[in-house]
Each structure stands twice: as C-alpha cells, then as structure tokens.
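**Q** Dropping the structure in here first, questions after.
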C-alpha cells in the first residue's frame, strides 16, 4: 500500500473534526473532548456596561466559533499577557509614527490594532511549532530556539531541516571506508590524522590548535576508540544552545548563541544539498535575482562539487555574513576521505559572548590570508551580481561578493 503524509497540522485536523462533529481517536478527538474549549489566542477587546470582554479564538475550533468572553472567565494569564504586550507594542509604534490618534481609555480596539494582535498571535503559534519541529529533527543535544521581535515574518515556507549532506543523484558522500585507527587511547602514533599525513587538530581541552587552511581528520565509525575520544568533535554536532532570530537591519534571519563560546571551539556544521558545479551555476543564475548566498564551493581539492543550503540545511542556513566574522571555516574528513567532498565545520575565532550573533565570511575558503579581491570561496554564479553588505563591521568591504 502507498501512504502519503498529511501536510495539515494536528490543530487543523482537530478543527475540521469539530466543525463536522467527527470523532477521531488517533488525533485526540473523542466523545469526552469533542465539545471542550481551550483558549488559543485573543483577537479583540471591548468594554460594555463597565465589563471587559475579550474575543476568544478557541483551540481546535474554526474562527466562526469565536466568542466574546468576560475577563473573569479567562484562566489564561500568559495569553492575556501576550495580548496586552502586542497591543502596547503596536500602539507605541503608532505613537512614534504619529499615524493614528491613540486614546488611553478605550471601550473598543480600532480594527488595525486588533488585526495586528491576531497576526502576532498566529505568528507566535507558527514560530513555536517551527521550534518544536527543528528540535525534533536535530540530532544533537543542544536546543534550538526561535525569536522574532522585529516584524510579522513567520517560519520560512520552503526550508527543510537536515543534519547531514543531502547528495544529489549520482553523488556519493560516503566512500565506503572500512578501516579505522586501532588506538586504545587517541591520539597515538597511527591515529587517523597521522595516517593522513597531518597532525591532530585538537588540543587536550578539545579546542582547535591548527591553522586555517589545514584539514581536520576525525576518527570514524570503524575506529576502535569510543564516543569519548578527543578526536570526535564535529561528528557530535553543536554543543551550544542557539537561537534563530529576526534581525532589525534588513538582513532577514540570523543566529545568535545563548551560551558563551570560547576561542577555537566547534560551533556548527554547514550542510545542504551536494550538487555538481554545473548545477550550482544553473541555480546560481536563479539565486542572483533573489540576492541569496547559500552556495558554498567544496574546493579543498577541486571545484567539482558545491553545497546548496537554500532549501535543505541546518541552523547554519540562517548564519549571516560579516567582513569581521567570529566563525572560521575548516574542512573535515570523517567517514568520507574523498578530498572532493569535505564536510564544512565552523569554529570560533575568538571568545563569543552569550547573546552575540554568529557570523562567517561568505568569501572565506579556509585560508588565513584571503583578500577582498579574491572571491574563490564563492560559486561562479555569485560573481556576476554584486550584493551590498549590511554587516556593519568597521572593515566592511561594501559587498558580499
């Protein structure tokens, strides 16, 4: 039998069941709760005969079932707090713009205010669902949070979270490695980095000790060492709680850390679709018109492949560019030793404070002496149209490419 996943949310299905008076145990609609009511959000406010009323959107019920309820009937302090906060936020913006005459004591909200409150409530619910989805899909322990205090933008509609490379047909990102080190206590003389002709990338504190441009060889799935091996860092995923947030200067979404990050620490991996350079050129022509910069050339050994994180990616999809970044790119080899297909890891270049935005240089290719005249780290498709840089750094080059 063929099964097609339902694209409707659980809340939408519950709403349809209640609207049609249907029971469905698998989605939680039974005889007991078919007629139950829970406040989802508040839509409007008015005062009649000295009593305050709120227009309630009931969870799992269509908007046609909204009802006016006196405040004394509402047992949802957080939702009430969000309603008042959203109202005050809108009114404060209006006062700054002087576009609307605001009265301190109102008996009913103006339609524009109520409309904003509903949009903000729907956005809050959508972002909460997105946060839950991201944390279900991630394969590391650290949490991912989502925040937008800037505008009404909701989750991206055409983005799918993945934890590792998604190869295009015909591309093999696992080269069938069948051997690993025999170390009982890494690193030893014949540990993975030394077998590849390089030194161990990490010191005793598991911080990076090699210079940019040098590759990282970690122990793989066939190595004798266990999960606590000091040469297993990138493969464990990000150890920091990160927040995808909406920037206030027109750069879209960004990423900030909610924990202090020490110098030379692994922060995250850059993943996406692995495509050929020819396909990257074709897609780049489309991305140019949108101002996207998600193509990352895997040019450690050759220019044969590119990572495209436009539709498929992880948190790194939302990391913005800076001409003075706090993250540095390194090429990593673990279960795939094909020099054409390194994994891309981002390490801190300095101590990063909690709450600080994470950035990397979109022109960075792992070389410490990259100049502003070089754009080798960018795919050829992104060398045609110059995109204005908004990083705000003192040393800003003026353009992303």
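A Cβ is built for glycine as well, from the same backbone N, Cα and C atoms used for every other residue.
These came from TrEMBL, pasted as-is:
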type	residues	note
DOMAIN	37-95	domain 'Chromo'
DOMAIN	179-237	domain 'Pre-SET'
BINDING	181, 192, 219, 223	Zn(2+) 2 binding site
BINDING	181, 183, 186, 191	Zn(2+) 1 binding site
BINDING	186, 219, 225, 229	Zn(2+) 3 binding site
DOMAIN	240-363	domain 'SET'
BINDING	251, 252, 253, 320, 321, 362, 390	S-adenosyl-L-methionine binding site
BINDING	323, 389, 391, 396	Zn(2+) 4 binding site
DOMAIN	385-401	domain 'Post-SET'
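Let's see these features in context: how buried, what's close, how far.
**A** For the domain 'Chromo' (37-95), the number of residues in each DSSP class (helix H, G, I; strand E, B; coil) is 25 helix, 22 strand, 12 coil.
Long-range Cβ contacts of residue 192 (Zn(2+) 2 binding site) within its own chain (separation 6+, distance under 8 Å): 180, 181, 217, 218, 219, 220, 223, 231.
Neighbour list (residue 183 (Zn(2+) 1 binding site), Cβ cut-off 8 Å, at least 6 residues apart, same chain): 190, 191, 219, 223, 224, 225, 229.
Around residue 229 (Zn(2+) 3 binding site), a 10 Å sphere centred on its CB holds 20 further CB atoms from the protein chains shown.
Confidence for the domain 'SET' (240-363), expressed as mean pLDDT, is 94.
Residue density at residue 362 (S-adenosyl-L-methionine binding site): 25 other Cβ atoms are found within 10 A of its Cβ, drawing on all protein chains shown.
When other Cβ atoms within 10 Å of the Cβ of residue 389 (Zn(2+) 4 binding site) are tallied across all protein chains shown, the result is 19.
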**Q** Taking just the CA atoms, what is the gap between residue 320 (S-adenosyl-L-methionine binding site) and residue 186 (Zn(2+) 1 binding site) in Å?
**A** 36
**Q** At a 10 Å cut-off from the C-beta of residue 186 (Zn(2+) 1 binding site), count the other C-beta atoms across all protein chains.
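**A** Result for residue 186 (Zn(2+) 1 binding site): 22 neighbouring Cβ atoms inside 10 Å.
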**Q** Judged by the number of other CB atoms within 10 angstroms, which among 181, 219, 391 is the least packed of the binding-site residues?
**A** 391
**Q** Hey, which of the binding-site residues 225, 396 is the loneliest by Cβ count within 10 Å?
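**A** It is 396 that, of the binding-site residues 225, 396, has the fewest other Cβ atoms within 10 Å.
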